[in-house]
Amino acid sequence: MPPAVGGGLAGSELRPRRGRCGSQAARAVGPDVATEATARSPKRPAPSSRRFEAPGRWALLALVTLMSFATRFHRLDQPPHICWDETHFGKMGSYYINRTFFFDVHPPLGKMLIGLAGHLSGYDGTFLFQKPGDEYEHHSYLGMRGFCAFLGALLIPFAYLTVLELSQSLPAALLTAALLTFDTGCLTLSQYILLDPILMFFIMAAMLSMVKYNSCANRPFSAPWWLWLSLTGVNLAGALGVKFVGLFIILQVGWNTVSDLWHLFGDLSLSMVTVGKHLTARILCLIVLPLALYTATYAVHFMVLNKSGPGDGFFSSAFQARLSGNNLHNASIPEHLAYGSVITVKSARMAVGYLHSHRHLYPEGIGARQQQVTTYLHKDYNNLWIIKKHNTNSDPLDPSLPVEFVRHGDVIRLEHKETSRNLHSHYHEAPLTRKHYQVTGYGINGTGDSNDFWRIEVVNRKFGNRIKVLRSRIRLIHLVTGCVLGSSGKVLPKWGWEQLEVTCTPYLKETLNSIWNVEDHINPKLPNISLDVLQPSFPEIMLEAHMVMIRGNNGLKPKGNEFTSKPWHWPINYQGLRFSGINDTDFRVYLLGNPVVWWLNLLSIALYLLSGSIFAVALQRGARLPAEVEGLSQVLLQGGGQLLLGWMMHYFPFFLMGRILYFHHYFPAMLFSSMLTGLLWDILLRLCAWSLASFSLAGHVHTLGILSLLLGIAYSFYLFHPLAYGMVGPLAQDPRSPMAGLRWLESWDF
């Protein structure tokens, strides 16, 4: 049998490290295989060389970290204007500094950290972040960019340490670090005020912590074991606290934990008390601790953002009452609804908003050409309606007339205060929703017809009961057609100002779409009550926030000139994203992965599936493999399997999503494919060297292979680095452009 060559896993690197936790790679292949491999290896290091092994590892880690920080912080100040989504997340950082409430579809942790970084670096929160291309001028923006670049730079040493733990191979870890260091896509995402580097930081930190506590399995309940297990929980909370896609790394850690507990349950040498301790430890560190930290981020979020802002309208009236500056905060309004009151009517469905109308008409061919009625998320004078009796035009606010309260079952008329048109419906079909009726504004100065009459009903109340502001959940039944006023939640085209469709549905089942409440209430003839008693509890606030975020996520649609993509585009690097600039005179930054890195990753996934299947079948059939090959195959299947699972967990769920998708959503999965590439090619080259052991140059095959890959990746970065660091001059379509020869796909529009 040929001896092992090239050192590494088949030889000295399979030894458990001298320390408090054994290596995961050594445990993967088992003590017998490791011992046999070590005995057979002709390259066992001399005792004197072991003294230099640990310093060498630390020196290499320092070099990797230095290269990572150098590439991420190079030209960080360029361009000195807003790029891509900096307009959103920089603005949200400003909101935190100014304590102004806003709405976003993502959890708050990432934006809070951006705001904190800006505050600590001297940014005062006064820049407007209106649109990409706006110059920062004298405003301090480098602190926020630097914070994101710092976390983005840490991805490389984290990936290096993860692969090193899984494979115990320095070349595999070094190759992984090179793939990520010299990827133009990861570099670009790390240099701007975005959530992506923060999200990927927590994902990689959770993965590293997980493999570290796995490697401590031979010392359960020791201090390092508790440390890494707890850090895993902390990083899971961080990943989910930045974006909901952090759920994918939670699922991966959960799968690893269930598998680990199942293995412990089958170990008959352990008592059930010990198994119970293991279960309790994981519940505490991987469920209770993350949930507590995740909840704490929301507590801080709501405590800091205590001033009224652009996000108010997405939330319920009771929620808004807690925001300083909101018209409901510390407000006193009449408790019961009366005729003549000026009111706003808010949908009970979260993130739908207020019943709204404006002077614009429905276009030709869209039902009757009458005044549009929509729902609108923001406070506006066009949200105001006057509640009147259906059969009289007398002024209910006349001091000589007694107050008449609106009661459950009354037939009413709602007159739009700004245009004096009545809320109206008829048998014309709604603009977007089939089999629903159109809702319009109709009439002149409050005079219309019988299609303006609505019966007001309170959910689960008896006829004759008064209607309470904020607390009564009401429905409006059209008297002529029998349909129910509701909002479909569908976004109208540009003629409807991209507001939400209001319809009258003939389906009378009670749903949140057709339930409303009265929010603002102005009536000088009525006494006021304080709204403080209506403020919701923290659990109610948190539940509502999540419902609004989930609905907002599902409703995301592309805006004009936005480059959306499909999941199958991503691994092949089919199309990038313009971060900055369009014309040849602009400073252009283009988000595109280094094609050499990305296509190598794609090839590696295919090779892993092929080689992994071969080894899995051979081992399952009981084939007697040489000790060196068996050791490498176990690392390939177990270490590589974890990385392949991570790639799949962070990629395939996007095929099931109905929301709008962008190229940058693939980058967490790309981290795992790069780690798999580093581990796979190291093992393949070692197997190649082992199979050629009878040749004189066999010992150099592994070294030459790794060096060739490193040099090729570095050279490709040299070619494509202008994509990340910025380009000025002719576009790539122009033969005079220095990037002309690098436009390898027609879909690349840099």
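Glycine residues also receive a Cβ, built from the backbone N, Cα and C atoms like all the rest.
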Matching 55-78, 631-654 to TrEMBL annotations, transmembrane segment lands on 631-654
Original post:
Do the transmembrane segment (697-720) and the transmembrane segment (596-619) share at least 3 Cβ pairs under 8 Å, sequence separation 6 or more?
Top reply: yes
For the domain 'MIR' (334-390), the DSSP helix/strand/coil residue counts are 3 helix, 28 strand, 26 coil
Ranking 198-214, 226-255, 279-300, 596-619, 631-654 by Cβ pairs under 8 Å to the transmembrane segment (170-192) puts first 596-619
Review point. Are there 3 or more C-beta pairs under 8 Å linking the transmembrane segment (198-214) with the transmembrane segment (596-619), counting only pairs at least 6 apart in sequence?
Key: no
Per the Cβ filter (under 8 Å) with a sequence gap of at least 6 from its ends, the transmembrane segment (279-300) is approached by 107-109, 112, 221, 226, 229-230, 232-234, 236-238, 240-241, 250, 253-254, 257, 261, 538, 541-542, 545
Long-range Cβ contacts under 8 Å made by the transmembrane segment (666-685), restricted to residues 6 or more beyond its ends, are 6, 8-9, 155, 159, 162-163, 166-167, 169, 171-177, 179-180, 183, 185-186, 189, 196, 199-200, 203-204, 207, 245, 248-249, 567, 570-571, 593, 597-598, 600-602, 604-605, 607-608, 611, 632, 635-636, 639-640, 643-644, 646-647, 650-651, 654, 701-702, 705-706, 709
Secondary structure split (DSSP) over the domain 'MIR' (403-459) reads 3 helix, 29 strand, 25 coil
